[in-house]
């Protein structure tokens, strides 16, 4: 059984409404819950939940899910909700290449494998590699910071991996590698693994911090190095997503097949044709698919010459899961000779096809909460560049690689993805088994879909040129270029554009072109229905939420607000109850469908529950916005459908044959569904406005190619009858051809048709004949061919009420001759031949307004403009207004205005039928421009023949879906090689739809715009241009303002719109308002575009009035201001005008104002404090010397006095301005205040040298009758105005010098600093003495919220100037204005006296001399500028021309330097900017700037917060000497005067005081005489009162240094101004320590040598090396230890600098022998004791023990108790470590036994034990108790005696000992035996030797 004890929780996040009732659910195979606890943020449950294991053992993959929830409410993990909320505040990254900085800090590594390793870490980011220093040991400490500066797209940056490789520097092999990417990782451990063996165990851990900073981001606060670093819980801090173990997973991507791959090899094709090869457009593509994920890539096989390849392969990607990488990138390539070409790219986003669970609970108690990545089988579509192939490089190549939005469909791929955990696959690429291929067949079943699009209007065309045509395609169906599908009626007829005074439009009038496309796709309606329902809910919630926010902004009363809010909630709850489609029984179901359905249902249920609860319980409805937004976010996430296999619909605009602009519309938006009304797409069968865009538009929509209103319907052909209910108008289908004739010798005939056919299509290029047309299947001819001239006569005056006929009169001459009439005297503007003025007739229904006149309002001299012809042209290309001798051509423009008269009934018909009785249209050239009446210059004519078709047996509009295929082709030319693409679409039937027209009346109310982006340096004259369908008007031009208030109503009187008014009411056409800057010379520049939806009134009597709202003005996709406007369309009854609303009042001829009831209500006034100008940059190369300020607001303007001389005094002579201006009461409508600085130059020139816009006045509103301190002034400035008296502060204290000397030892300024930081260990006895601390701010003083940026006296506003010279769009800052505003209402009654003045008692504005002290305490994480990852910083401080350069005192090789104090004088306000820069010292090259920070001293000086010199806690002498030049009592008096209070009165000998109506007593502040430095009680009491007034305390601030590239570093400083007390001493402290280690004995040392006689023995010595390799010390050698014991009695003495503050040693040494300076390293104080075997020849072997002096493992008292378990206590994850380890710095001395380890077979085992005494002494103790190294003198504390027993010896110095110990002990009997043996042998030898002698003797001598 598994028992889970749920004890308690802490610090749960608060809800918006009430406190939560927490409940815990634990999921392990099943789900159990605790009881809920009401209203508690720190609940205690103490419940036991038991789970039956049912005999199944737990394994490494078992886990439990613990979810804390709020009972009965939004069942979303609260933490999750918080995260979702906070992520919104981060600004979105613009998708353009930009600067980023990746910072990686390598802190330390642990548990690296191997003996005696020297690890080095290499970090690779974005192709740049940095490496750390080489360290020694298995747990190296690096603490090094790397900076990588990159310039790339954010999306590319997020694709990058960061790899950390740890190498052993001996054997340079990659020991481990791991790739992750995260935005910010603070002090996390990375698990290292072997790159070769994926399944092997961990190879150690590396601790890093890394984050990415964009331009303008602040880096996260530097992490505080907690003292518990070593107890870091690696397992819990491992860089893994929460609660999940990292496992190996195999993503199996099955790639079945692809289709519609475009045929790319046009180059090879053309080569074949060139050499006479057979033209064959089939399958010239060799595709393969590449999948990339987390740095790995796999490819399928290449299938040659096949546009529909079947790969049937599975790609197995092995990855660690869950991964930090988000998406799998799939690219189809075409294998080429010249390198692979990308066909298209798509991404599978893992976040969308997997869920980690935990958010949503399943009420059924099922245990699967999340699901692994799964997808398909499903097609994914590829999009990329348009498909016109040539051999040339494709300009849109990038689109095929997935960069930017693809503009054309490029095929689709059928894939399936599944994920297996823990599995290991043999093959990375494998074939798919046949069973799977059979299963996937059913996912390829197609059904027929029908798409119909009716084009209602095409307007806002830019440059029309050739005629325009639209093409609609879905997939390859309908694409003109594609020859694989049947031709369809997918293009509109070509038509010529007509000018509307500003843009062009297509004059379709009542006959709208229709496009019909049929296609075949899989039926995935169950997915798209869900998407549409969710979109419906989301869109309703979004629009209601917008309305709710606007209501909050507009400050409507509570009842109305509640009404809006309740409507929002009720609609949301009602929408959420819509049922989602069930999946059972549907085709194409995948497992992801079920998972997503479950996810969606759960999320909708929780939102419903939350909404219901909110409706009942919410108390403050304004606070619910956050929750509503998070629901909206959640819904938006749910909408995304990863398995959308239906391609987008693409609308292309073609100009002539060229594709110009496109728009992609997702199919689901127009898809019809039978499920319910909400499941139909939001635009299904409804008219929508589409702005097309240029492919890969660099200007991001600066120009709109065309605005189209189109009504689209897409549905299964099984449902096509349903289309009838959606369609309006009557559809008609025609076949058409054109009869062409030319005029030769005055006769019309076919002989002169050069290159044209007698009968052709509209382009004239394709030969057609009436006989060969065949109706498609299911259709029949309804009547015979008839002549039908185009109704859409492209006469230029169509649709206008006023028109100007124009003609140009041309003359020529020989150079220097007389002007004569040209051969073509009269032409149009393009030089084409035109009629003479006498030939122009006034058309019926029009009246001439004037005679022909010469237009001289142009660039002409005395009517004419001149030009030169350059052959081969016969007309000039450009014209100039001044005549020169060489000009041979001139022309002038004749114009004659005419106006449309009131049409008598019936004339309209007559107008249409005029023209040629035989239906001919005429043209002067074989081109496009035709007119209906013959002119003498015409040489070509044509007429249109049409034949109507009708469906055989179908009724209703849906019959048009039967039109598939062409109408038959000219059979004579079948054999010839006509290009199939030319044939396509040329003979498809034309479908059109005719509508009735209605007359409307449109009013557009343009009130004002704000914050327009200026385009010119000098003048801005903005005007608004309003386009509505084919009509346009402009507002008046306003001079030099970026916040124009036009207050104008534009009235469009007769607007003819075709179609049903009811449909128009639901989807009215948009009013497009474009803002231009009018230039005297050159073209008007576009400032931006805004789209406003008009209110439709079908009945003029409706009492609804449009509301003015702010609409964003967009330029290049960026917001460039806002416009306040509204619009309404009123349906005009046929008869009278009387029903229309009254015309608004006129301001001038034809200038109507915005009427009452719509315009804002006004009444307010403003007062301005204009203090001065600072840092003005030169304008037009001359410095700004005599500026004045102009303030404009709401059309009013006031100017200040002129500053006589900027250099001497940059403040305004008189500071207060009064402007009485009518401002709207409603804050939403207030116009901005515009500040302009004008320079008074010689000769009366007054250029605007800078301007600033203040958009919101909310912060400046005030009640004029309340006295606030802000209007008054600071004590400091008053003091400056008074005459200077030297204030000396004396405190009688004779005993001071003596005391101070003693104190200096233990207490310095750093003690105070550390005490304030809360660092107890570093500050010594400081706090115990009761001294005061200072305040440490983690930001600059200006950023501390309670001091309001020190702008209480006056704000600083940046002055800008328009576009800068480089053409950048960012305006340049050219100076600063200091001042403030007060805005308050004035009474309408003139009898009421004016309220009191707001700005009183202003300080003297003349210059004042001050003394500035800058304490630069330290810098943190400077950006390294040297190659070694360090820098050599020094400080440079400048105040205008006064500079302190501290280059001689640079600090070598550090990124965290400590600087010191600097002092300088300055004059305010001229020298107000204090610039503190940090530079990097370089010996040979130029010093580089690391960064700088700027402090505005004037703000500190003038602020009422006393920020020039902080208020300390106590008034005393000694170390915390009072430093202000005023005593506390004087400061308090000034404060009282400033706040308008009576002077403070003190009583009882200064121990109590009355101030501001309150009594303060010294006793209340609890100030006892704690130390002997305190000052007199009365002053101390004043100080305590001051400290309650919210003034700036004595402080240290942290300021970020900004470099020209990126934000880098923080640094602290204090300032004081005036005549202060003595300065602080802030020099850094570096205490010296001595470590004395006495090595007494060793024992149990592994003996690893064998002597000749078989004895084990080892030579031993000991040394220390913690980063101080030079200072290693050895003991003497204990030779030939036979039992592993060694006796030493040897002392090591190490001197080191230790920073108790940071608990690190400071080591200063040269990094390389060639280095110039010593580098300071900070390393942990570790003692490494090694026992070596002293080998003469081979390398020494050693055993080692590593002891951290900060957390010393307690030693064992006896060798027996000493084991490796002791050291395991120091292992990372132990909890009870505190008791077992102590700091040697606290304990001072310790003696005992420690084990030394050696690695055997990958495990650490005891290799020996060492007995030591460790002692730490500081300098004074070292002097008192001296001790020598080794056994040298002074050999004391303690005295060490030579220790050796007899066993230790050397063989040639004591041979006898050698004999005795080694030989005799073991070989005694052998020796004795040998001696006896030798004696016996000798005896025998002598015997043998002498025997013969004896025998012979015996024989000879008997």
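Yeah, the Cβs are placed from backbone N, Cα and C, and that goes for glycine too.
Curation does not apply to TrEMBL; its annotations are automatic.
According to TrEMBL, the feature region 'Disordered' maps to residues 1821-1842, out of the candidate ranges 1821-1842, 1843-1864, 1865-1886.
Broken down by DSSP into helix, strand and coil, the domain 'C2' (985-1111) contains 6 helix, 65 strand, 56 coil.
Mapped onto DSSP classes, the domain 'C2' (1393-1510) shows 9 helix, 48 strand, 61 coil. For the domain 'C2' (1147-1271), residue counts in helix, strand and coil come to 12 helix, 49 strand, 64 coil, using DSSP. Each residue in the compositional bias 'Basic and acidic residues' (1823-1834) gets a DSSP state, and the totals come to 2 helix, 1 strand, 9 coil.
For the domain 'C2' (985-1111), the predicted model reports an average pLDDT of 86.
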